[in-house]
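Data block below; observations after.
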Amino acid sequence: MSATTTEAKQTFLCKERLPRRYHPPSKVLSRLPTSFLPYGELLRLHKPLGYILVCYPFLVAGAFSASIAPEVLEADFWPRITLLCLWSIFLRSGGCIWDDIADQHVDAKVARTRLRPLPRGAVSNSQATIFAAGTFLCGFAFVAELPGVCMVDALIMLFFAVLYPYGKRHSNYPQLILGTIGWAIPMTMHGLNLRPLDHPIPMAAMFAFIALVTIMNDIIYARQDIEEDIKAGVGSMAVRFQHCLDALTFALVFASSAALVIAGKLGNMGAPFFTISVGGHFGFFLFLAIANQRDPKSGVEWAAKRCCTSATFLLIVGMVVDLVWRS
């Protein structure tokens, strides 16, 4: 039997198992016109945590850049940070669409994902591909308003976004690819006309911090699907370290906190940063790790959303207070 025939048979079997009437997974999606619904799902409009996770590296990078800059940053600081955040939103959205295209036959075998638009046949491959390309292009339109070197940074981030779904097929470490969202640090510094290599070690430490937090969040989220991922042949660090996930999660909490301390120490940060930013990060993510240890399959997204939002808020507040305190 040919590969095409096999895939067609799998798609047919998947559709046979679908409910006769489809109910959108959230109120946000249920308010969309029927024709727009699958595209809203492809964009993950019902998963706001993802938007928080892709925007916060640029917000944190902006605050960090302002703190270590030898001079007061230009007046267009906020417009440039806004452009970077808009880029990150479109990068994440296009990446989600591309991930669904690449993984549709695997998604059809997993209970949590089998009702996504492509496995259930709500959109075609060509429609999804055109939508992904248009989404990425919209993101690059924002990058075009930034210094030219940011386009190179954006292309690097796009490469890893496109690579991610294949990391799940050929290794147990796709989260390491996700960790490249840490490239938001040098990209933001370039966008603010700073030279990352003038501050190599603080920049690298902050890159490591962003990467470790992203890896930790994705491992916590992937923990829900370990059994089905194993059956479907999907790799992840949650699968690879399934027998010591709690230890790994706590290790990432301490490692990310240590990276943040190193970035602050080498960036000449003061007491407000270490008290508010580092303390807030460590406290909220320690809470998330403990909650995940107690019940890894219930309320994961709610707890992660609360902790990430709160920790990010305190991280930025700590940097701003520290900047004012030292000025």
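In case you wondered, yes, glycine gets a Cβ from its N, Cα and C as well.
Curation does not apply to TrEMBL; its annotations are automatic.
Pulled from TrEMBL:
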- 49-69: transmembrane segment (TRANSMEM)
- 149-166: transmembrane segment (TRANSMEM)
- 173-192: transmembrane segment (TRANSMEM)
- 204-222: transmembrane segment (TRANSMEM)
- 243-263: transmembrane segment (TRANSMEM)
- 269-291: transmembrane segment (TRANSMEM)
- 303-325: transmembrane segment (TRANSMEM)
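Taking pairs at least six residues apart, the transmembrane segment (173-192) and the transmembrane segment (49-69) share three or more Cβ pairs below 8 Å and count as touching. Residues 48-49, 52-53, 56, 59-60, 63-64, 66-67, 217, 220-221, 260, 269-281, 283-285, 287-288, 291-292 of the same chain lie 6 or more positions beyond the ends of the transmembrane segment (303-325) yet place their CB under 8 Å from a CB of it.
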